[in-house]
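Asker: Sharing a structure with you now.
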Amino acid sequence: MTEAFIHSHSHSQKLIHSFIHILLFKSPISGFSSLLTCFESFRIIVMNALAATSRNFRNAARILGLDSKLERSLLIPFREIKVECTIPKDDGSLVSYVGFRVQHDNARGPMKGGIRYHPEVDPDEVNALAQLMTWKTAVADIPYGGAKGGIGCSPKELSNSELERLTRVFTQKIHDLIGIHTDIPAPDMGTNAQTMAWILDEYSKFHGHSPAVVTGKPIDLGGSLGREAATGRGVVYATEALLAEHGQAIRDLTFVIQGFGNVGSWAARLIHERGGKVIAVSDITGAVKNADGIDIHKLLAHKDKTGSLKDFDGGDSMEPSELLAHECDVLIPCALGGVLKRENAADVKAKFIIEAANHPTDPEADEILSKRGVTILPDIYANSGGVTVSYFEWVQNIQGFMWEEDKVNNELRRYMIRAFHNIKGMCQTHNCNLRMGAFTLGVNRVARATTLRGWEA
């Protein structure tokens, strides 16, 4: 699939409508200006996560010298599923939603990936994330392939009982295509442990008690200790591995963290506990800074109490838009994708960027930052702690034996450090940066497994 055709259908339709409106109703000058703005928006949409993932894959394939037929085969999803989910609402009316599941690759094991509930869920987005999961699980060296799913809905507009009915109908439609050794869903945007509990219960009606069919479950239903903190903890282990390579440690450096949700708050807490100085934090409610270091435990208590970072007495408020350019040693974007772009890349003052969010750095910013000597630890590795502990949860469910939290954390650390050294090995072999080191590592493992299985037979 070429980059020119990688786009979001729903966004494209909105832009086409904008073009028509401009051509019909605007004056020539203002119409032309608006048209340029729309084309610029379209360019940004085209270069989205799927385009960046495909671009990185093709660069890795070229570095590895992959056969062109094998390269095409690795991009094509194993299976794409689209189902209609009709449920009765609480008022008795019927409403229909479209559910998707893209199973990208199973050469290295059963497919793995989250399920998101969001109004913008569409086949291209799900395909992109499924493909990324294939490379991510290979980089982490866990025996999975990639998958992703979702339902195009607004979960905030649905009651709890409506969400349950929707989840159960979706599970009924796909239950024979997922499974313990086939495809293991997990929570994602708009879903949580409760969603996984409903999937587990519905799936078990058809296949018997099957706790390993989903991960990210409540502890009472076989979820793993340490799973809640896993992504943030993995980010910290990855940061430690990178800094050690440069002869530095967390306790000696300053950190700025964008995003204070699950990942950002855990990363901040663990960095603070290791003696690192977190000097600025932001989320959708605001931003706070303190040159002497923020007391993260105090900030967490303030946010729990007020629901906001505003009016925190342990620091000064700042504009969230200024956070990425704040003076620091290490910048950790933990929020949205595409926050580092051509327009602001030159303003970044950090020496290291740890990509805790998915695709926070667009390709143009990546190039600018690399030329400036900024070291970027890519998302495909840096935020893989969550899927790694999901793997541990699956293993525990299959064994029927649950691990202590210390064992989960120690195993996570071992996997993250090993993966970093494997990435560095690929960087040295192919004379490339960390992003290409991670992609060549992941793509090479999947290509090797595919070839060994006899894909041309």
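Even glycines carry a Cβ here, placed using N, Cα and C.
According to TrEMBL, the protein has these features:
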- Lys112, Lys136, Ser390: substrate binding site (BINDING)
- Lys148: active site, proton donor (ACT_SITE)
- Asp188: site 'Important for catalysis' (SITE)
- Thr231, Asn262: NAD(+) binding site (BINDING)
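Describe the structural context of each listed feature in the structure shown, including burial, neighbouring residues and relevant distances.
Answerer: For Lys136 (substrate binding site), the same-chain residues that are 6 or more apart in sequence and have a Cβ closer than 8 Å to its Cβ are Gly146, Ile380, Tyr381, Ser384, Val387, Gly442.
Sequence-distant neighbours of Lys148 (active site, proton donor) (same chain, 6+ residues apart, CB-CB distance under 8 A): Arg101, Val102, His104, Gly113, Gly114, Ile115, Arg116, Val126, Asn127, Leu129, Ala130, Met133, Asp188.
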Asker: Quick one: Cα separation, Thr231 (NAD(+) binding site) versus Ser390 (substrate binding site), in Å?
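Answerer: Between the Cα atoms of Thr231 (NAD(+) binding site) and Ser390 (substrate binding site), the distance comes to 10 Å.
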Asker: Distance check, please: Cα of Asn262 (NAD(+) binding site) against Cα of Ser390 (substrate binding site), rounded to an integer number of angstrom.
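Answerer: The Cα atom of Asn262 (NAD(+) binding site) is 16 Å away from the Cα atom of Ser390 (substrate binding site).
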Asker: Cβ within 8 Å of the substrate site's Cβ centroid: which residues qualify beyond Lys112, Lys136, Ser390?
Answerer: Gly113, Met133, Thr137, Ala140, Ile142, Tyr144, Gly146, Ala186, Ser384, Gly386, Val387, Thr388, Tyr391
